[in-house]
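Trainee: Handing you a structure now.
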Amino acid sequence: MKAKRMTDLDLTGKRVLIREDLNVPIKDGQVADDTRVRAAAESIRQAMQAGGRVLVMSHLGRPKEGEYDAEASMAPVARRLGEILGCEVPVVRDWLEGVDVPEGGVALAENVRFQPGETKDDEALSRRMAALCDVFVMDAFGTAHRAQASTHGVARFAPEACAGPLLSAELEALGKALDNPARPMIAIVGGSKVSGKVQVLEALTHKVDQLIVGGGIANTFIAAAGYSVGKSLYEADFVDTAKRLMEEARAKGGEIPIPEDVVTARDFSADAEAHVHPVDAVPDDEMILDVGPQTRARYDGMLRNAGTVVWNGPVGVFEMAPFAGGTRALAEAIAASDGFSIAGGGDTLAAVEQFGITDQVSYISTGGGAFLEFLEGRVLPGVAALEQHAAAHS
């Protein structure tokens, strides 16, 4: 990354505007999951300890732009952030008028999406945000794929713009996994539809040694290999795409392995009776909901010997006990591997948590959509703006 880093700058007495991703679930006026708040608090604390006069901004939910909505107020987030930091964090409603924060202090701007023009990357709004600071810090990887006033526009006009500790760590880990990976490199891409992840599959097919596919995506590849998938969810329109990707992987010496055996059931339910079948013998009235024991053993061997693993998506319906075995086997193999592993995406993080391997994954990515776009090789506007700023002010 060619952007400046917050840790390289002198923040003493400076007005520091930090864009964090504090978009967390709120239940009964309380933060229901504070993972993002705790992660952001570390960056905020660093800026405060460096003598910055810190104003934090974030979006929360999807309120109607340009209108105040008490339901989407940052107040519950400010309370939780204050508990973590050990100080009061005031929420400032009219923050665009200017906020007087003492040196080493912090305030939280009310929801940026209450400002008209935020999601449209409005130049006038971006300039007003930039006027509030001496240093703009982009630290929200989860929103870096969106060109909005608080993630992109403000960086164009701020006197100084840099990457915060969270964003820097995220880009470093992704770079390590994708730019110069230790081999063999394995990617796991799960999900219900090939159509939703076709760019990721395309990009990774040409980068990795093995690409393990899971969920409804795997069913489309099983159909492409010429097998019946019974009444499983799959996309007939993408069978040719799957065939092409398998051929392209083989042509470069890699592979997209097809499951040898699968776990099926007649109904999509946690009480359904699960059966194991070879992949060429799936009954017409059953659906594939997980990979079978032979396939798990094969994936286990591949993953334990991997130099790099990129994990995005489960291989079965892991939320239901009869169909959790495949994803559990992946999780345990990744945990046991000496290779560098990175996991991202909501379902993947839920699986990492469920199978208790959080501490054994080398890096857990906080960005859902941004993680996918990075895997696709796309330019993230929030990062590009920092790099352009650094180039213009070098």
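Cβ coordinates are placed from backbone N, Cα and C, and glycine is handled just like the others.
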Trainee: Looking at ATP binding as recorded in Swiss-Prot, which candidate out of Glu170, Glu172, Glu319 goes with Lys197, Gly345, Gly346, Asp347, Thr348?
Mentor: Glu319
Trainee: Can you tell which of Arg93, Arg113, Arg127 Swiss-Prot lists as binding substrate with Asp21, Leu22, Asn23, Arg36, His59, Leu60, Gly61, Arg62, Arg146?
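Mentor: That substrate site, as Swiss-Prot gives it, pairs Asp21, Leu22, Asn23, Arg36, His59, Leu60, Gly61, Arg62, Arg146 with Arg113.
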Trainee: For His59, Lys197, listed as binding-site residues, tell me which one has the smallest number of other Cβ atoms within 10 Å.
Mentor: Lys197
Trainee: Round to a whole number and give the Cα-to-Cα distance in Å for the pair Asn23 (substrate binding site) and Gly346 (ATP binding site).
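Mentor: That separation, Cα to Cα, works out to 14 Å.
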Trainee: Using Cα coordinates, what distance in whole Å links Asp347 (ATP binding site) and Asp21 (substrate binding site)?
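Mentor: Between the alpha carbons of Asp347 (ATP binding site) and Asp21 (substrate binding site) there are 19 Å.
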Trainee: If you count, for each of the binding-site residues Gly61, Gly345, Gly346, the other Cβ atoms lying within 10 Å of its Cβ, which residue has the minimum?
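Mentor: Comparing Cβ neighbours within 10 Å for the binding-site residues Gly61, Gly345, Gly346, Gly346 has the fewest.
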